[in-house]
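*Asks:* Before we start, here is the structure in question, set down as structure tokens.
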Amino acid sequence: MGGCAGSPPRLSDSEGEETEPAPRPPLQDSQGAHWKNAVGFWLLGLCNNFSYVVMLSAAHDILSHQRTPGNQSHAVLLADILPTLVIKLLAPLGLHLLPYSPRVLTSGICAAGSFLLVAFSHSVPTSLCGVVLASISSGLGEVTFLSLTAFYPRAVISYWSSGTGGAGLLGALSYLGLTQAGLSPQHTLLSMLGIPALLLASYFLLLTSPGPQDPGGEEDSDTAARQPLINSEASESKPGSGSPLSLQERWTVFKGLLHYIVPLVLVYFAEYFINQGLFELLFFRNTFLTHAQQYRWYQMLYQAGVFASRSSLRCCRIRHTWVLALLQCLNLAFLLVDVWLSFLPSIYLIFLIIVFEGLLGGAAYVNTFHNIALETSDEHREFAMATACISDTLGISLSGLLALPLHDFLCQLS
């Protein structure tokens, strides 16, 4: 009788003996490696953005108590976005080829330094230096960890994105909760120094060493249980071990990414134009919420939408991300008209629009990087992921240039 149709063929040697195919690794080992990487990338996403979110909230609090003349929000915004922008602009030029472990260590040290500087700050320059360190940590971390996903199954992109979405929600809630419970901003920050330590532990102790595998598989792509990165001598040689791409190859890959980069830039431009320029102007007097409480609700609902959509890749995948950009621009236009004419009768309609705004932004982020991972070849994927990182920061930077002056103009009219 012949074997089952689905069974692998048996090989015969020259003497006619049948030899069994190489045994597959135990199922529990493969599953263990899968979940280690899943949890590892989720925690990396959470820690990378958590420190950034919390530290910015604290910087605003401390600046407001330092009684300095003038409005410091513009300075905070510049210190917040410019270092990240510079890092992401350098990524396609060769930053992504540097060894991963030193980059991760630098990111963790900068995150811890931002907490310490802002916690013990007695001046505006010191506080702003803390913002700069947080920006460096977040930007370098995003370039590093998104590039690192090129050496793991594509499923880890979903876990990384979900973690970054959770950071906005959990970071804001934890800082608000601890300060409301009576802790000073200084002690709240010092209590969170464990976050950079968790980031380093997730990378060095939890992630498995990338080895030969098919990045496309999501169920069985972890073909063997591997040792933590810190214990593997080959961990630094595999990522980035290939020959650097030529300038012509980089330009070709970059041109191929534009149909994903441009929509993501537009999504973040419209998104942060709303957040920076319009949130404070969407004020309803016929509600029990104060102006400050309305603003906090807007931020919380936005972060909830981002978290939900950045965690949705397994449920909903979107190939044509330009649709998300179009919808986000329509959101911006609609809310801009409402700020001008005040025609919406209820704040709950604004709540729904803001949740939708967050859903669009998070979906654009996770689907863009997932589509790039699907469509780029193995030798180009690391460069492509590092290059596409510029999209969100560029959109935020452009929105800041226009949203803040428009905000001031609309305030003068009201």
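The backbone N, Cα and C atoms fix where each Cβ goes, glycine too.
Remember, TrEMBL labels are computer predictions, not curated facts.
Okay, these came from TrEMBL:
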type	residues	note
REGION	1-31	region 'Disordered'
TRANSMEM	39-63	transmembrane segment
TRANSMEM	75-98	transmembrane segment
TRANSMEM	104-121	transmembrane segment
TRANSMEM	157-176	transmembrane segment
TRANSMEM	188-206	transmembrane segment
TRANSMEM	257-274	transmembrane segment
TRANSMEM	322-341	transmembrane segment
TRANSMEM	347-366	transmembrane segment
*Asks:* Counting only residues 6 or more past its boundaries, what in the same chain has a CB within less than 8 Å of a CB in the transmembrane segment (157-176)?
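*Replies:* Distal contacts: 37-39, 41-54, 57-58, 142, 145-146, 149, 188, 192, 299-300, 303-304, 306-311, 313-314, 362, 365-366, 369-370, 373.
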*Asks:* Determine which recorded stretch among 39-63, 104-121, 188-206, 322-341 has the most C-beta pairs below 8 angstroms with the transmembrane segment (347-366).
*Replies:* 322-341
*Asks:* So what's near the transmembrane segment (257-274) in sequence-distant terms, Cβ-Cβ under 8 Å and 6+ beyond its ends?
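*Replies:* Same-chain contacts beyond the flanks: 321-322, 324-325, 328-329, 331-332, 335, 354, 357, 360-361, 364-365, 368, 371-372, 384, 387-388, 390-396, 398-400, 402-403.
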*Asks:* I'm a bit unsure how to read this: which one of 104-121, 188-206, 322-341 has the highest number of Cβ pairs shorter than 8 Å with the transmembrane segment (39-63)?
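*Replies:* Result: 188-206.
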*Asks:* For the transmembrane segment (188-206), find every same-chain residue at least 6 residues outside the stretch whose CB is under 8 Å from a CB in it, and list them.
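*Replies:* Sequence-remote neighbours of the transmembrane segment (188-206) are 36, 39-40, 43-44, 47-48, 50-51, 54-55, 58, 101, 104-105, 107-109, 111-112, 115-116, 118-119, 137, 141, 174-175, 178-179, 228-230.
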